[in-house]
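Contents: one structure, followed by commentary.
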Amino acid sequence: MSHLLFAYYLCNDIRSFQNLLKQDDSKVKEPRKGFSEKSGQKLRINQKDRYGRTVLHIAVSENKNSFVRSLLQHKGIDVFVQDEESGYTALHRAIYVGNLEAASLLLSKDPSFRSLRIKDKEGLSPFQFLSRVLSSTIHPVLDLPIIGNELYGFGTNVNNTLGIANGKEPSSPERVFLLKNQTESPTSGQLFSRDKILDVQASKFHSVVLTDEPSQNVYVCGIGAGGRIGFNTDVQYNFIPIPGIIHKVIQISVSHTHSLALTKFGSIYSWGKNGSGELGLSNDELKKDDPIQITPRRISAFKDYQIIGMAAGKSYSVAWTDTDIYSWGLNNGQLGISDHISVVSTPRRVAGLLSPVIHAVCTTRATICLLQNNSIIAFCNYNQVKLPFNVDFGSSLKVTKHPLSLTRFNVRKLLASENKLAVLTELGEVYEFDMKLLLDRDSTSSKNSTRTSFKFTPLWIFESSDLAALDIAWTADNSLILCTRNGTCWKRELRSKKREKSSSSPYSRGPYKYNRIENLQMVVGVRASASGSFFAIRNDYLPPPIYKPSNMLIDLLRSLLPYDHLLHVRQPRLIPPEDEDGVPIFDEDRAASSNEMQLLFEGSIPILTSYENYKQSFSDVTIYCGTSMFHSHKFILCARSSFLRKLLLQKKKSSVSNIIYIEEITQSHSTIRVEDIPPLAVAILLHYLYTDTLLSPWHLDSRFSPLKENLSKLANLLELPHLAEVLPFSVSRQPLLSLTNDILQLYNNFYVLCEETMDTVIKLKDGELKAHGLFLSLRSEYFSSYFQFVSMESNSFDIPITVNLSHLTVEHMSIVLRHVYSDLKVELFDDLKESDFHNWLETMFEILSIADELLFLELKSIAQQSLLRFLNLKTLPTLMDLSLSYHAEELYSRCIDYACHNIEFFLEANRISEWDGFHLKKVAQRLTELLSDQRVHLPSSKIANRLLIRDPVLMEKRNYELKVLREYLFSQESSQLWDDSPYRSIFEDRRCSTSAVILESGIVPSSNQSDSLNKEDAEEKSPKPNVVNVTSITKTAGASVEIQNNIESASSGGDKTQLNGPGADQPVTATITFDKTSPWRNRENLSHNNNTTRASLRELLEQEKADASTTTVLSDSRFMKAPTKKSQREKKKELSKQVPISKTNVGHIDIELGKSNHSNPWSVATHQRGSFSSSTGVKKSFNGILREAAREEGSSQVIYQESKKRISNGSPTSWNLLTKPSPRSASLPKNSQPLSISEIMTEQKEEIESQKRRSSFRKTIEEIQQEEEFQKWWEEESLRVQKELGILKTERDTSTNRKQGQASKQPQRRHRKEKDSKVSESTAEFKSLPIDIPRTTHKKGKARAVK
């Protein structure tokens, strides 16, 4: 019944599919077997097709998740089954095509997440498989050094070295936060800003973190005894900055008792215990009775040196410049100084190095330096020893030194523990060196013995570039931790089981194994302490910022000028942000172009004439100058000029220097008159007040030169310092920008300075706020439309306009108004006084909702960008839900992109099951887009569309193929489809391989193929009885609809036989050698053999005539005929023509011994009465010496041919063997004995009895007539369909077979010639016509299902 699952799936019949599973599910007793008994049939839900795929594999790959859910609800489903081609599980396939919903369902079925550890045939788990596919899309190769933005800690936390607040030891990696310098009321920007981590150093008692901040960028935690943490504290649980270092630190190094810090100016600061002079400070700088430096102190010995690196040992320290290296502290022979001085209190230069030092590590008894020339020098035993990089190539088969790896052993990093030295190469390989060989070596040993004894052993040799090591770290017990280029983290551990120690893994050797650390991805650096504390620096993916070319406040105010249409629209220039959290800035050239100057000042001077008959709706100030009149806004004049603010707010008439006169002051309008100043100067002044830009017409025409002096007079009078500074220059210069700052400063103090200028009152839930309708309308389309509606209802603005927004609060609306009066971006929300992230998040989305409601589009983008800064693995689900609810499309899109880049994390513990279905669908769509470029070989809609445009017939062919396959799967014959799979697990199945034949005498064959590809089928398959059969070719899903032929070994000359005569002492093994089974190759073999063995063909036709008498043929016969008997001489003659068979060769064709092989899906069981097949021919079994074995089978199989259509009646006789075998045919041994007379007589007697038994199964006349009628209809319908599809170009005469039947009554010679011509014609046309498989047979003119 397994074929019905595939049939319902191909028909997309989900109801029938589910019903079949439910009927079977109630009877399943053993869930792991995956089948049930019903009417003698088995539903094997984990059954594979010919291509080694289960229904679950196919449904997952084709994104048919309704079928996946139904399959996973079945008790017998096995989600760990791997396909036979690549070893992919269903989870592999789901991840490969981006089907996250199916992946979530599969992980839900696997609570232990065992499927995440199953590897395919390339040794890749699902995550490694995904990482390799997306290596260039999601995980690009990063350049070093890398700045991480997240720090994770795990392992032991005995001395509070992990920086976790509660002091617990986390079982899995846990996020570590740095507490920055904060005031009593920190802002949200200070609390929730993202860290930028450069380095982490850990010792047994304390840990130090280095960030990228400009100052105070060193954070410490741990045990403070001895001054090791830089301030007077016994225990510090969290990472806090160290005070006392005013410059930015670029490198840190720690030991058990002291710490070192290197600033960007080359100075070294040290603090901690100075018991052996390891701090590098002179004796007079420390107290003799208490040699402890609590706070960081600069080493004065290096004040004239530019230090580029340093390292701290247990009781000493080293530092180096670009030319020399210096050491100080306790001298045990590791300082590189030949003098036997016990303590070196101040830095001392080490001599003898031929190349500058670029890296160094310290242990208790040795100092190892990496030189610029890639040499490794060790200071130990008061000597300098060079360690040649001699790799032990015999320790692993993976380590080979090929000619193309000239830079393979370039050292990138050194790492040392007490007894081990690890070397990380530029290629990403890790090697180990045993330090005991170096430390126990006598200083008088010869150099030659040193070179031969030192060997580096490989620890990590990768098989793909994405597994190259990026960073490594040691612990005291030699536990190695490393991270790779694909962002995964691995830890080397001692094997716990003996069987594991003897096993071999791609990434482990000897007693150690590498385990992947869960819940860690995108790791760029690892650190470890001697006590077993581990740190992982993670560089999380940062989505692209949300920015738009927004309108600056200057642009909005410039639009109020009447001649704004004459100014060209400048294309903004994108300035990249200063840091990764910043937003790109759109800048533009503020100076007016020469063309604009000509448009404004030439002819009738449009800058003046444009003010005629122009009045802005919110203008409340009128300026008269001569005959010209200018309209302006009181709030802008007050914000730009403190002098005008005093005049306009004093509410009385006044004059200044006989130039400016205040004539009228009311709440709604004011009038200003300017004397002795040309109107053009006033126009230029207003342009500056509104745009911060100075127009210089005097550079265009000299007649405008007096304007410069008048403009300078107004600038000094109105207290405009920035404008007055640039006017004296002869060259055109623009004043400093001050418009935005002036307006924001006035808004922050508007209740004191300019409350009277407010013309809008906003009624809120807990109070009211005043604002300017001008700015509200410039920022929001909502307020612009509202004020326009109010102006249509009332012709004057004498009273303040009231806006009712009672559902909003004053706190939230104040933030909105702050945006209205400024150009602040994400800084707008950094001043929120929220100490809790969830409260801050709620406030942010409330503002986002207000911006969306009131159409503050720019504020909406800024709020989304501010929220995007705090997107991480923990906040992603919340941000996705809220952004979708508040219509934050840009933020939601970035969340989806972030989820795709961290999909491994969310899949690892099936965290995607917590997502909403809509989110899961969107993430899957985005992931599919990212995967589309990486898996171009898979079918996609784009590729399919291009193929259909080029060849439209492909769709018809595909539909035809699926139709034929469905028809076939619903037939009873299809139950044998799966036995012919090329991926069958057991040896007796029809898989092309080299095998030996099991004979009746009990000889067991030997096989060189022991792999089991389908364990379930191997367990359920019963042993085969002793019968010889030939491999048949079947048609399966995915193959093209062409003629599928089952070629007997007679057609290719092959045979397998056995001689068991009375005088035979040993059985003879028949051997056949064939190529791999292929339907196309078998066609070639058939054509070849028919053309090269003419005599055999005639004998074949002669035997066919004899067989026709015992076979019911619908086209020309309605009764049974007795078989033609052969004499003993004829049989001996045929036997003598056979070529001897080799006893030792092993055949290359699969043979089943026992009952008839019904694995051919196109064959029909012949023992059933009335069984009908749509084939065009009858498959023949062996005769001659193989007839004995074939007779025991008692049945035959049907093969398709195009010449005739027949019905199998179970006759054991079939085509004769070819008398002239092909070069591939089997042969009998030359000394084989002929059959005896008694055997021949027994054979003939059995043939007669067999024919009598078969003659009893005669069909009635009614059944024969029905089959003839249906056959005629089927031939006509098949020819018509073939002609429509263009497969058959010429119409065939359907009555040919009938005429051939009548021609059989002609003389024997004529009959033989016609048969020869017809067989050759049928062979030539054998490859052109497809096979049409009928769904039904006729009964009284109607169709019925095939049984």
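Please read every residue number as a count from 1 along the shown chain.
The backbone N, Cα and C atoms fix where each Cβ goes, glycine too.
Among the residue ranges 1006-1029, 1054-1077, 1150-1173, the one that Swiss-Prot annotates as region 'Disordered' is 1006-1029. Ranges compared are 23-67, 1193-1237, and Swiss-Prot records region 'Disordered' for 1193-1237. When the ranges 1104-1139, 1248-1283 are checked against Swiss-Prot, the one recorded as region 'Disordered' is 1104-1139. Confidence in the repeat 'RCC1 2' (215-264), given as mean pLDDT, stands at 91. Taking H, G and I as helix, E and B as strand and the rest as coil, DSSP gives the repeat 'ANK 1' (51-81) the counts 15 helix, 0 strand, 16 coil. For the repeat 'RCC1 2' (215-264), DSSP puts the residue distribution at 3 helix, 25 strand, 22 coil. Note on the repeat 'ANK 2' (86-115): DSSP counts are 19 helix, 0 strand, 11 coil.
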